[in-house]
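Record features, source Swiss-Prot:
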- 110-297: domain 'ATP-grasp' (DOMAIN)
- 137-192: ATP binding site (BINDING)
């Protein structure tokens, strides 16, 4: 494939997964890290690895002498040494030393983003003194965030100053660090977007995800984020623009806040693979690690290579953290191995409380199904989620990734169509419900039918009374199977609707059920879904 050798500064789990991706592409990797048991070195049995620190100029120069490209799995490296080795040898370094230097100082990162018109929380530089922190409280109010400018990750280096009485403790915790303060951002969710940038400056964003933190460490990631499509797209655009402002190629993790008023703010950026992107290994066309390797070596980056594997793919990433019990976290991994569509990734690290030991990816066509599997893996339920097992929990008809669209010409049809919705809920099938009239809103009907496959729908149930043109009109504009439900009217008892729907011309098929029989329409939709995906094939009987 490619004869380039990639040198990686840092040998942790991110380096390990970069190595895995590079090996599949026949790209040699050399690691700079202390010791021979670093996670990245464990899976790459070469004699060329450098035993040393990624902050040692001599070790960096030694690594550069063996490689064509240098990259990082951690931003806290000696960027001055990178600049010097690049001047001396001309070696390619991605991301650029300038970018790494800007990003690893979080206050400089904020100033850079502001300069480039990227929305961030208001912040200011502060001194390590009680008087300075009291001034911040007077300026921003309480609470506010006190942060270390450097060497801060996984919540380390952050302190919430809730009121004036917390200032002494904040100074003790962040003793002797360069600091800055940030105005409190009243967020409703934390989101993240992975963005990969090519050598020629093109950017490609992965789906927007939602991150859940516990004790300041990422605990779970929901992909895609449980927000509406507009917010998802706005987050991708914001992330793209933020990454475009930095020079150099590679993958970037962009963390952001979704505020209570709906605005988005960039929290911080990582110039490397990121914990919030681990789900991409199993849920996307190309993992964040392979995308990074492609970007820094100039390999092809085709359109849509950062998309989810299918339009309806849903995923949850669960971090495996070290606990108080030695190797106790591996009990959770064993449960994951018992769970269909759950993949375990361990990093080869010695257990320590709070340490990232690995992660688990759960992938399905339904977020509810992913959550059900997550609950078993975490031990909150003792029932192994078999393929045919479905809970009876109701799924809202406003699911962000529905598989079935339930439409009708008027809200007067809802009492009939709700019977079908209840069946879909019973079988835990995600669906959406909306009013689409063939006569009153024809343009909306056309857009709905045309866009349905792109949004991940697999089947449409259309209820209509009277002239009942809706099912046939929708079927004429979508490749999806359409099931028509004749709704009983006030004059001809629904026979007119039945005759209208069932007599579609050749080439425009519409499956037609009995008058008012939305129940059978839903069961037929479930059968269609099962036939198209054996992994989610449902077992049921007629009643």
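Yeah, the Cβs are placed from backbone N, Cα and C, and that goes for glycine too.
Keep in mind it's a predicted model, so treat the numbers as computed, not measured.
Sequence-distant neighbours of residue 186 (ATP binding site) (same chain, 6+ residues apart, CB-CB distance under 8 A): 259, 260. Highest Cβ count within 10 Å among the binding-site residues 158, 165: 158. Close to residue 151 (ATP binding site) in the fold, though at least 6 residues off in sequence, lie 76, 157, 177, each with a CB less than 8 Å from its CB. If you average pLDDT over the domain 'ATP-grasp' (110-297) in this model, you get 95. Look at residue 158 (ATP binding site): DSSP puts it in a strand. For the recorded site, residue 151 (ATP binding site), the DSSP three-state label reads coil.
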